[in-house]
Amino acid sequence: MTDSLSSNSSFDSASISAADQNVVRSQRSGDGGQMLASVTSRRWRDIFWLAVFMLHLIVLGCGLVVLGLNRFKKTDRLNIDRYTARFMEHHSGLTENYWPIYAVAGGVGTVLGCTWLLLLGSHANEMLKVSVHILTTYLAVDSVLCFWGDQFFWGVVFATGAAFQFLYVISVIDRLPFTMLVLRKAVKMVLSLPEVMRVAYAFMLVMLLWLGLWSFGAAGVVASSMGDGGRWWLLVVLSVSLFWIGAVLCNAVHVIVSGMVFLVLIHGGREASSIPPNSLMNSLRYAVTTSFGSICYGSLFTAAIRTLRWEIRGVRSKIGKNECLLCCVDFLFHLVETLVRFFNKYAYVQIAVNGKGFNHSARDAWELFQSTGVEALVAYDCSGAVLLMGTLLGGLVTGTCSGVWTWIKWRDRVSMVGSTTMLVGMVLVGLAMVVVESAVTSIYICYAEDPLLIHRWDPEFFDQMSEMLHHRLQYRSARAREVLTHNRRLDGHIQQTPPA
C-alpha cells in the first residue's frame, strides 16, 4: 500500500510538471489541422452496435404498432385484435384515451427545451442556478403530492431523490463557482455558432417523430387490461429503449457540436478563413454514418457510469477520516474510474475529430487528461451534473403536467403515465442541454491538447483555468503526502507491536 501511495505521489508531481509544460508549450494549430484532415479517409466504426441499434429500431417499431393497434377503437371494429387476444384482455381502455396525454408531454418537453435554448444568451446564469437549487424543492413537493395521492412507492422515490440531491449539492457547493464559470464560457462559444442551435432543433423534431410512434405503443400498453405486472414490464422495456434512442440522438448532437467547437478553437475564431467549407454538414454526415455505430455503443453505458461517478465523488469528498468507510468507497471509486477509462463523454470529441472507435476514443481522451494533469480539473468540474439537474427538472415538470391530467381522469393509471412522460420530457430537454455540454467537453480536450488554443480564444478564461489546475494539482499532491505519512506511521506502529 505504501508503494502504491508513493507512486501516486510521484505521479502527482509529474502531473504538475506536465501541466506547467503544457502552459508554455507552443501552439499546435498545424497538428489540429492534421487531425481534422484525417476525416477524408474515415472508416465505419463499431458496425456491430450500429446493426444492433437498427435491428432494435425495426423490431421495436413493429411491436409499438401492434401494442397501439391492439387497443385502438378502429382496430376493434376491424377485428384485427383477434391476433393478440390470446395475450391480452380487452374493453378496459383505448389507446386514443391516453395518446393525447403523451402528446401533451411531448409538447411540454419541446417547449421547455426550446425555451432553454432561446434564453441561453440572456439568462443562462440564472437558469443554471435555478436547475441546481429548485430541483431539491421540486422533488420534495412531488414526494408530498405522491403521498397525498396514495402513491407510496413514488413518494419514497421522490423523497429519496430530494435527499440525495440535497446531499450532493452540499458536497460540491465549493465547486459551483468554477462550474458556473466553465458553463458561461461554453454558452459564449455556443452563441457564436448559431448553426449548432438549429441542429439541436432538428434533432428535437426527429425525436418528436419517433415519440409519436413510441407513445402510440405506450398508450396501448397503459390502456390494456393485462395485470399490472405485465404492463409495468412492458413499460420498463419501452422506457429503456426510449432512453437508448434519446441518448443516441443526444450524443449525435454532441459529436456534431464538438466537431464545430474544435474547428473554431483550432482555427482561431468563427470568422477564420482557414475553416473548411461546409464543416457543419461534414460533421453531421460523419455523425450519422461512419461514427454512428460508436455513438450507439457509447450511449448504452456512459450516462449510468457518469452518474455513479458523480455520486461516489461527492460522498468520497465528505467522508473525513472514517477509514473503514473510506476503504469501501475507494474500492467503488477505483472500479468506476476503470470503467470511465473506456466509457466517458470526452470520447465524443475524439470521435468528431479523428473518427476513431468509441473505446479507442475514450481511452485516448482519458490518457490525454492523465498525462497532462487536466484530469484533476475535469474531476473538479460539475458542469455535467448541473446540466443533468436541468434535464431532470424538465422531466419532472413534464411528468407533473401529464400526471395531473391522468389523475383527474384515470387515477389507477397515474403512476404509469407520469413516470413514462417524465422520461419523454427528460429526453427532449436533454437534446437542448447537450449543446452546452458538448462545448464544455471540447474546451477541456483543447486545453489538454494545447492550452494556448484557449488563451487565443479567451485569455482571461485561460488564466482562470490554469490557476485552478495549479491549485487542484497542489491539493492532490498534499493529500497524497498526508496519506503516505499516515500509512508509514501505521506500518511502523504495527511492526513495533509484539505478537500476542
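Yeah, the Cβs are placed from backbone N, Cα and C, and that goes for glycine too.
Quick caveat, the model's predicted, so the values are computed rather than measured.
As given in TrEMBL:
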| type | residues | note |
| --- | --- | --- |
| TRANSMEM | 47-69 | transmembrane segment |
| TRANSMEM | 99-120 | transmembrane segment |
| TRANSMEM | 132-150 | transmembrane segment |
| TRANSMEM | 156-178 | transmembrane segment |
| TRANSMEM | 199-226 | transmembrane segment |
| TRANSMEM | 232-265 | transmembrane segment |
| TRANSMEM | 286-305 | transmembrane segment |
| TRANSMEM | 385-408 | transmembrane segment |
| TRANSMEM | 420-445 | transmembrane segment |
Cβ pairs under 8 Å only, please: of the recorded stretches 47-69, 99-120, 199-226, 232-265, 385-408, which one is richest in them relative to the transmembrane segment (420-445)? 232-265
Near the transmembrane segment (286-305) in space but 6 or more residues beyond its ends, with Cβ under 8 Å, are 39, 42-53, 243-244, 247-248, 250-252, 255-256, 259, 336, 339-340, 343-345, 347-348, 351-352, 355-358, 361-362
Cβ-Cβ under 8 Å with the transmembrane segment (132-150): same-chain residues at least 6 beyond its ends: 156-159, 161-162, 165-166, 169, 176, 386, 389, 392-393, 396-397, 400, 407, 411, 414
Which residues of the same chain, at least 6 past either end of the transmembrane segment (232-265), have a Cβ under 8 Å from a Cβ in it? 32, 36, 53, 56-57, 60, 64, 67, 189-190, 192-193, 195-196, 199-200, 203, 206-207, 210-211, 214, 217-218, 221-222, 272, 275-276, 279-280, 282-284, 286-288, 291-292, 295-296, 298-300, 302-303, 345, 348-349, 351-353, 416, 419-420, 423-424, 426-427, 430-431, 434-435, 437-439, 441-443, 445-446, 453-454, 456-457
Using a Cβ-Cβ cut-off of under 8 Å, list the residues of the same chain that are 6+ residues beyond the ends of the transmembrane segment (199-226) and lie near it. 61, 63-72, 87-99, 101-103, 105-106, 110, 113-114, 117, 234-235, 238, 241-242, 245-246, 249-250, 252-253, 256-257, 280, 284, 413, 416-417, 420, 424, 427-428, 431-432, 434-435
